[in-house]
Amino acid sequence: MSMNRRGVLAAGAATALGGLPRARAQDGRVIRIGVMNDMSGPYRDAAGPGSVALTQQAVQDFGSRGFAVEVLQADHQNKPDLGASIARQWFDQGVDVVADLPTSSVALAVNQIAREKNKVHLNSGAATSDLTGPHCSPNTVHWTYDTYMLAKSTGAAIVKSGGTSWFFITADYAFGHALERDTGNFVRAQGGSVVGNARYPFPATTDFSAFLLQAQASGAKVLGLASASTDTVNAIKGAREFGLQRRMKIAALLMGLPDVKSLGLESGQGLLLTEPFYWDLNDRTRALTQRVQAKNQNRPSAMEPAGCYGMVFHYLKAVADLGVAAAKASGADVVARMKAMPTDDDAFGPGRIRADGRKIHPSYLFQVKAPGESRGPWDLYTLVATTPAEEAFRPLAEGNCPLVKT
Amino acid sequence: MDDIFGIPAPLLFGQLLLGLINGAFYAMLSLGLAVIFGLLNIVNMAHGAQFMMGAFAAWMLLAWGGIGYWWALLLAPIIVGITGVILEKLFISRLYKLDHLYGLLLTFGLALIIEGVFRNEFGSSGLPYRIPPELSGAWDLGFMFMPVYRGWVVVAALILCLTTWLVIEKTRLGAYLRAATENAALVQAFGVNVPRMVTLTYGAGVALAAVGGVLAAPIYSVNPQMGSNLIIVVFAVVVIGGMGSILGSILTGFALGIVEGLTKVFWPEASATVIFVIMAIVLLARPAGLFGRA
């Protein structure tokens, strides 16, 4: 329903983006960053208003270096066609960067447009590793995480602990397919097997019991959830209810702070999950969380907004380095400069961006705490393992990215 | 182990049972819609939002008032029903003389506003609500592991549906209601306060949605979108059953739950579409719906 219902409003949403406030004459000195994500659907809590807040924080922390920065926002409602039309409109109206872009299908659509128009696509929220693989682009940086990173960390940990045969419940679109594929590859590479899968329609599925029963009947040892947000929460609740955990391990391959909060520690305890950012990871992440709290509805940031912080901060550094006029003239030049400069920000610490556009940083395997272990409303994770930056992501040579010369 | 169409028989039985459980939700929701449409001639697009409000009311009662599931099952529908009565008094009662489209647009707009308000207040990822301890656990049926709570949902839905059907078809109150839809002026002439009866009927229809919401709260994430995924399917159920037909919507709700459940086994990708394919076929063959009077 939400799709159809929102479809009616789509045209209206796109028009509302219209008139940009500043006069054209000032264009030369203003950098415009458009944060596009899901403001009204299932991904809102992970990457919605939070991403806007953290982007604004990055602009504020960067300070003034001779040019103004304007932050815009739009709701793509998880629809590739709507996302594409907003991006076109933005670029034609002088927006230099689209940022965040969760929902892989939308990200892939906008990726192409940013390249065509020679603007910048900074991606934090989308999961598909194809953004730095076959679809890599000289105008794109993929910052926070991807399906390969999740698969390697969570998937490998579960295979190692004896979970050798897998059944996947997969969101039937680009993201779910990529996550299932990347995890399946890991499972097989480690000598495990994939015994079956069920692909559910996104976002029209509320009840997962039918798929859970298929998973149970398959005899697999691991239930791999290649899904996200409320879907994952509903699937895990169902799995507990139907007693799947008696014989199966649950691998929630993409699960973030808001999902764990929503599931509750009671149902969530013991789950393994992977994130490159957690608010309580170190002094720098805690300081950032403190700084942005008032802007961010008094809740700690999920990894997607944290990614917006890191990548926008780094982007602005590259713009200052390159000069505003040159930066506005060519998105590819800014991205090239971003790749040439080492990164360092409070959310992710020091790192770098590879030739294929992949940002490199460590990934962390967390375990969800039991209710008794938690010392505060957002004290939800225990750190179990760290994958070093150079090993966390797909090796450069294996991605089939045309930008990488072999 | 026997196979049926390449699917092991136990798995198939399990899926039939699950289909029945989901069908219980469709039946409960489409029942409320059918009551409202049949007696008020209003296409209540806010029904999904009211289902969601029922679930949130249960959550609020527990989180803010310490009131548990069983009381919520009684109180949440009353609370949400009262909001329905207020909506009817303020807005919907002005539309009875106009075309259906106006009611549809009004309630559609209301649904968007209600969902937006809840989203702003509670976010999109949802809130946890526990299964009541009396109903937790599961039965091992041999062919599947059946959660006690899901069994309770089917029983509750059947009781609710049958009661509603009996009230409308077999009681004096029901007779007044049906008479008022045929000729309001005449019923009013007999001394029945028709506008008040209509208001209360809307409230009751909304309360039915809220009961569904309370029943759903422990199973699904309690989030502002939870109704919007269901409502379009439920509309299809009402259309297939025949607009306004109470019995039709109950039977169709359960039947389509089963059809959808089977689709999830044979072709999961199509499970969101299959109901609309059936709707198209039924509309071609019987435009008034399976149980509707042309």
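Placed from the backbone N, Cα and C atoms, the Cβ positions cover glycine too.
Unlike curated entries, TrEMBL annotations are predicted automatically.
What TrEMBL says about this one:
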- B:12-35: transmembrane segment (TRANSMEM)
- B:42-62: transmembrane segment (TRANSMEM)
- B:68-87: transmembrane segment (TRANSMEM)
- B:99-118: transmembrane segment (TRANSMEM)
- B:149-168: transmembrane segment (TRANSMEM)
- B:200-220: transmembrane segment (TRANSMEM)
- B:232-259: transmembrane segment (TRANSMEM)
- B:265-285: transmembrane segment (TRANSMEM)
Considering the transmembrane segment (B:99-118), which listed stretch of B:12-35, B:42-62, B:68-87, B:200-220 counts the most C-beta pairs under 8 Å: B:42-62
Ranked first among B:12-35, B:68-87, B:149-168, B:265-285 for CB pairs under 8 angstroms with the transmembrane segment (B:42-62): B:68-87
Contact yes or no, the transmembrane segment (B:232-259) and the transmembrane segment (B:200-220), 3+ Cβ pairs under 8 Å, gap 6+: no
Close approaches to the transmembrane segment (B:149-168) from elsewhere in its chain (Cβ under 8 angstroms; 6 or more beyond its ends): 18, 20-21, 24-25, 27-28, 31, 35, 131-132, 135-136, 139, 174, 177-178, 208, 211, 215, 218-219, 246-247, 250
Selected stretch (most C-beta pairs under 8 A with the transmembrane segment (B:200-220)) from B:12-35, B:68-87, B:265-285: B:68-87
Same-chain residue ranges lying at least 6 outside the transmembrane segment (B:265-285) that approach it to Cβ under 8 Å: 5, 7, 11-12, 15, 233, 236-237, 239-240, 256, 259
